[in-house]
Amino acid sequence: MARIGDGGDLLKCSFCGKSQKQVKKLIAGPGVYICDECIDLCNEIIEEELSEGAEVSLDELPKPKEIFEFLNSYVIGQEQAKKSLAVAVYNHYKRVQAGLQPMSGKHSKEEVVEVAKSNILVIGPTGCGKTYLAQTLARMLNVPFAIADATALTEAGYVGEDVENILLKLIQAADYDVKKAETGIIYIDEIDKVARKAENPSITRDVSGEGVQQALLKIIEGTTASVPPQGGRKHPHQEFIQIDTTNILFVVGGAFAGLEHIIEQRVGKKTLGFTAEVRGKAEREAEDLLAQVRPEDLTKFGLIPEFIGRLPLIASVSKLDQEALVQILTEPRNALVKQYQKLFELDGVELEFTPDAIEAIADNALERGTGARGLRAIIEEVLLHVMYDVPSRGDIAKVIVTREVVMDGVSPTLIPRESEKKKKSA
């Protein structure tokens, strides 16, 4: 038993030798003592070893069908996009796990098979699930995930964010574990906003358009980038973090408004016009056209050929109709209606949306043109006063939201606890 001094009663840690006065806690075992500092150190060592061995083996990598089914649990519709993403993600991480990077040391230079990275371009209107698809994939695979807005980026040397800041977000998402970040997923949104202003190269410098595309080329393709840990160029003497982007999967998304007209010119299809009667049909035809997109269409839109070449897989998502929005509100595992019902349940109150109320929320989102992204804002508006009042009242058992509440601003129906008790006992 570890003691200090002749016949002294002061105990000390059997590992670091610190006395019980020098540490916060000393835990006793059979003839041995360990202090809280040594326990923390042991935990750090174990966590480090576990994280090093936590990489998914090829056998554990979910198959495309499993990835598709997982996406189905969270994302409504967009079947073709989900299938394309499932295959692309499976092939990407299969390549990572098998170490099939260019010039692998396992074979001679003549035998090596170079498996190129398949980054993904997702095209479709806002609020249709482009970002959410990428987020859900990252959650399933338990890899770091970061979102960047292309409109905030400028090429190096100009006011704005450097493209390296995208990598910094991923490193931060991985708790500064660079090795973990090197197998993460980055979603770059609004990529259509950095399209070249004209199809022909401009004499003037396009620092937020073509310049950004040029700056993104290397990190998307795969390079060792130097990332400033504090971001930006404000700290010139900071040490840079080195990160290899070879195994980072880039998912790039954008609405690409007007791209359907470019595709239409190529395939020789005539537009229907924009009268009220044919608008719905015209929208459906526009979605069909987006599914036929080719690299040359994207070049005409304003993406440079080198950038398009780094995004070999193109998936399109379609505009959500009322039925799809109703499903989004009610069906997924973490559907919005279920989320708000859970919030009310925590206050001991039952929340009920009538079927026509849910349809009204979907109609409202369609009118605003916000897609699925605007659903939460509408529900927040509808429930604001109730969420303000109900927690302070202990007499409310149930809140019922009807179509009139959503469309006309009528107050939701509040059912007192006594009425609910009588109904159950009857």
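Keep in mind that glycine also has a Cβ here, set from the backbone N, Cα and C atoms.
Among the features that Swiss-Prot reports, Zn(2+) binding site is placed at Cys13, Cys16, Cys35, Cys38. Residue environment of Cys38 (Zn(2+) binding site) contains 18 other Cβ atoms, counted within 10 Å of its Cβ in all protein chains.
When secondary structure is read from DSSP and collapsed to three states, Tyr132 (ATP binding site) falls in the helix class. Around the Cβ of Tyr132 (ATP binding site), the same chain contributes Tyr74, Val75, Ala372, each under 8 angstroms and 6 or more positions distant in sequence. Taken from Swiss-Prot, the feature ATP binding site applies to Pro125, Thr126, Gly127, Cys128, Gly129, Lys130, Thr131, Tyr132, supported by sequence analysis.
Here Swiss-Prot flags 1-54 as domain 'ClpX-type ZB'.
Residues Ser14, Phe15, Gly17, Lys18, Val23, Leu26, Tyr33, Ile34, Asp36, Glu37, Ile39 surround the recorded Zn(2+) site, their Cβ atoms falling within 8 Å of the Cβ centroid of Cys13, Cys16, Cys35, Cys38, which are themselves excluded. One way to see the shell of the ATP site is to take the Cβ centroid of Pro125, Thr126, Gly127, Cys128, Gly129, Lys130, Thr131, Tyr132; the remaining same-chain residues with a Cβ within 8 Å of it are Gly124, Gly253, Val317, Gly371, Ala372, Arg373.
In this structure the C-alpha atoms belonging to Gly127 (ATP binding site) and Cys38 (Zn(2+) binding site) are separated by 50 Å. The binding-site residues shown are Pro125, Thr126, Cys128, Thr131; of these, the one with its CA atom nearest the CA of Cys35 (Zn(2+) binding site) is Thr131. Averaged over the domain 'ClpX-type ZB' (1-54), the predicted model reaches a pLDDT of 77.
Here Cys16 (Zn(2+) binding site) is compared against the binding-site residues Pro125, Thr126, Cys128, Gly129, Thr131, and the shortest C-alpha distance is to Thr131. Cys35 (Zn(2+) binding site) falls within a strand when secondary structure is assigned with DSSP.
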